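Trainee: For 1-27, the entry in Swiss-Prot reads signal peptide, with the evidence type sequence analysis. The topological domain 'Lumenal' annotation in Swiss-Prot covers 28-278, 370-374, 437-444, 521-531, 591-597. Per Swiss-Prot, the feature transmembrane segment maps to 279-299, 349-369, 375-395, 416-436, 445-465, 500-520, 532-552, 570-590, 598-618. Residues or ranges marked as topological domain 'Cytoplasmic' by Swiss-Prot: 300-348, 396-415, 466-499, 553-569, 619-641. The motif 'Endoplasmic reticulum export signal' annotation in Swiss-Prot covers 630-635, and the record cites similarity to another entry as its basis.
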Amino acid sequence: MKKTKGSSFRFYATLLLSFLSFSLSRAFYLPGVAPRDFQKGDPLYVKVNKLSSTKTQLPYDYYYLNYCKPPKILNNAENLGEVLRGDRIENSVYTFQMLEDQPCKVGCRVKLNADSTKNFKEKIDDEYRANMILDNLPVAVLRQRRDGSQSTTYEHGFRVGFKGSYEGSKEEKYFIHNHLSFRVMYHRDQESDSARIVGFEVTPNSILHEYKEWDEKNPQLTTCNKDTKNLIQGNTVPQEVEQGKEIVFTYDVSFKESEIKWASRWDTYLLMNDDQIHWFSIINSLMIVLFLSGMVAMIMMRTLYKDISNYNQLETQDEAQEETGWKLVHGDVFRPPVNSGLLCVYVGTGVQIFGMSLVTMMFALLGFLSPSNRGGLMTAMVLLWVFMGIFAGYSSSRLHKMFKGNKWKRMTLKTAFMFPGILFAIFFVLNALIWGEQSSGAIPFGTMFALFCLWFGISVPLVFVGSYLGYKKPAIEDPVKTNKIPRQVPEQPWYMKPVFSILIGGILPFGAVFIELFFILTSIWLNQFYYIFGFLFIVFLILIVTCAEITVVLCYFQLCSEDYNWWWRAYLTAGSSAFYLFLYSIFYFFTKLEITKLVSGMLYFGYMIIISYAFFVLTGTIGFYACFWFVRKIYSSVKID
């Protein structure tokens with residue numbers, strides 16, 4: 001039996017939905033590194049990463065605090081994304097032997113001076129967490145969930161210390177976590193004698209260690225030795241942080257066999273328990289899309305069938321003059337807007353951001369940008385932004401040529417430099433603030449130079465290549481002729497005033513994404529993993545459709561009011577959703593974050609301005625192209641003498 005077109009479509013639609021369902025229901029990813037097999041007794045080297053805090057958002061090098069240092073500190077080779085995230089991966093004194101439990105090992109003994117005491121206390125006040133890595137797995141603290149269930153969750157890193165008071169005293173003291181109890185989970189290969197690491201947990205403790213006589217080569221502690229089985233007892237005295245005090249850093253390690261396979265070892269870190277919220281968000285957004293789709297369908301039916309057929313049947317000039325609405329402005333609707341060059345720049349930049357976002361999400365859906373590939377997401381976004389410059393140049397030049405613009409080189413330079421120039425200016429100010437705080441989040445000179453090389457050496461030339469290709473193409477022709485004398489725009493009702501209609505237009509696109517936005521902001525500012533790109537991709541598609549449809553609907557109402565200045569209005573209508581995004585970021589700052597430092601607050605709002613600006617350019621471009629297609633469609637269907 002011959003397969004029909006309809007059945008073919010249903011087959012491919014089913015295939016697509018099956019793939020999306022799999023992507024949504026599973027933490028689907030490709031591990032970023034090849035598995036390593038360990039034999040019993042093989043050395044395991046723990047690496048240390050940055051100190052991080054959700055209260056300050058300022059990462060610091062692990063050895064900024066007076067922790068135990070190896071004889072020579074070696075920096076791990078970091079990719080571009082890791083450097084931009086503030087990661088500083090280095091070697092440490094913590095070494096294990098595979099499958100060999102070690103009850104107590106002494107790391108070092110340090111004496112606190114004024115500076116180190118001050119630094120420890122500041123980091124305890126700001127709730128800093130120390131981060132470590134073993135076989136590319138970050139260390140985590142196992143916690144009971146707060147919802148009362150028996151399930152557990154992972155907290156990334158461990159607290160530097162805590163504040164408390166002795167029994168019978170109200171004076172608050174600072175205590176440091178100087179003893180780390182590590183637990184390494186492994187999965188044994190049944191065919192060979194090797195094992196693979198599938199988990200890395202830590203339980204931090206504060207212990208005031210005691211010893212009779214300190215032997216640097218073989219220190220013997222009375223509170224901790226190789227025969228100790230249970231270190232932590234009810235009467236253990238915690239280690240206080242005070243100038244002049246000695247701190248002995250110790251650790252122990254145990255190994256536990258796990259049923260988790262190496263390919264699934266990241267699942268516990270990526271465990272998401274909010275699927276119902278995401279589905280509710282998507283269903284809610286789809287209802288908005290269906291409502292808007294109905295309106296667009298009615299408009300298209302009316303304009304392309306009823307109105308156009310009636311309009312084409314008009315024979316006398318008197319009948320034509322009696323017509324009102326969008327048909328009357330056909331001689332002005334394609335008149336180039338004010339600041340047409342600037343509009344071309346923003347549309348070209350929006351295409352660049354759209355291409356970067358789409359390809360990044362496709363790579364993430366396929367599993368190439370998993371958290372195990374540390375810094376991969378950030379690196380991919382930067383590189384894709386650079387290579388999408390060719391589409392920015394092409395889009396802006398095509399529009400510029402249609403507007404009969406001149407000085408194409410100036411136009412191309414604006415496309416290449418305006419948006420990234422504004423971003424770099426804000427970025428430089430923020431980076432200077434981070435430098436002033438001596439944070440490892442400050443971008444080093446070498447990385448900054450590499451970013452400039454990517455911008456000037458690859459992105460700018462590609463914008464010129466795209467612009468050259470665009471200008472070589474014949475100009476886009478208007479479906480109707482433009483009158484020499486502009487038509488006067490009649491007085492508009494209050495609800496069609498530009499400010500009101502633009503602000504109204506941004507509500508629905510923002511409403512389509514704001515629940516997913518909460519999870520994205522949480523992952524950025526509360527140091528959590530975000531890896532539900534299946535949901536994000538669906539929300540992105542809904543955002544595209546919502547921006548397009550709301551712009552088309554409001555553009556139609558505008559043309560019916562005989563206002564033909566739709567070019568910038570279309571861009572700003574969808575782009576105004578960024579205004580609500582920034583308002584939401586203010587709400588999020590005051591309700592979800594505990595940032596108290598001025599510098600940290602400036603960093604937050606600086607980065608949110610960058611995100612909101614990029615969102616404005618992206619959504620504005622989507623709305624503009626939808627309206628551009630709509631206007632050309634309806635006026636190309638009308639016969640004009």
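Sequential numbering from 1, following the chain as shown.
Positions of Cβ are set from backbone N, Cα and C atoms, glycine also.
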Trainee: For the transmembrane segment (416-436), which recorded stretch in the set 500-520, 532-552, 598-618 gives the largest number of Cβ pairs separated by under 8 Å?
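Mentor: It is 598-618 that shares the most Cβ pairs under 8 Å with the transmembrane segment (416-436).
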Trainee: Would you mind splitting the topological domain 'Cytoplasmic' (619-641) into helix, strand and coil residue counts from DSSP?
Mentor: 18 helix, 0 strand, 5 coil
Trainee: If we call contact 3 or more Cβ pairs under 8 Å (sequence gap 6 or more), are the transmembrane segment (570-590) and the transmembrane segment (500-520) touching?
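Mentor: Checked: the transmembrane segment (570-590) vs the transmembrane segment (500-520), in contact.
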Trainee: Who are the long-range neighbours of the transmembrane segment (279-299) in its own chain, taking Cβ under 8 Å and residues 6 or more past its ends?
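Mentor: Distant contacts of the transmembrane segment (279-299): 508, 511-513, 515-516, 535, 538-539, 542, 545-546, 549-550, 552-553, 556.
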Trainee: Taking the topological domain 'Cytoplasmic' (553-569) alone, what is its mean pLDDT?
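Mentor: Result for the topological domain 'Cytoplasmic' (553-569): average pLDDT 91.
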Trainee: Are there residues at least 6 beyond the ends of the topological domain 'Cytoplasmic' (396-415) whose Cβ is under 8 Å from a Cβ of it, and what are they?
Mentor: 336, 340-345, 347-349, 463-464, 466-471, 473, 475-476, 478
Trainee: For the topological domain 'Lumenal' (521-531), find every same-chain residue at least 6 residues outside the stretch whose CB is under 8 Å from a CB in it, and list them.
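Mentor: For the topological domain 'Lumenal' (521-531), the nonlocal Cβ contacts are 27, 29, 52, 54, 57, 129, 156-157, 269-270, 272, 364, 370-371, 585, 588, 592-593, 604.
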Trainee: Report, as numbers and ranges, every residue of the chain located at least six residues beyond the topological domain 'Cytoplasmic' (466-499) whose Cβ falls under 8 Å of a Cβ in that stretch; write 'none' if there are none.
Mentor: 328-335, 389-399, 401-402, 404, 408, 411-412, 415, 557-558, 561-565, 569, 572, 632, 635-636, 638, 640
Trainee: Let's see if you can do this one: DSSP helix, strand and coil counts over the topological domain 'Lumenal' (591-597), in that order.
Mentor: 2 helix, 0 strand, 5 coil
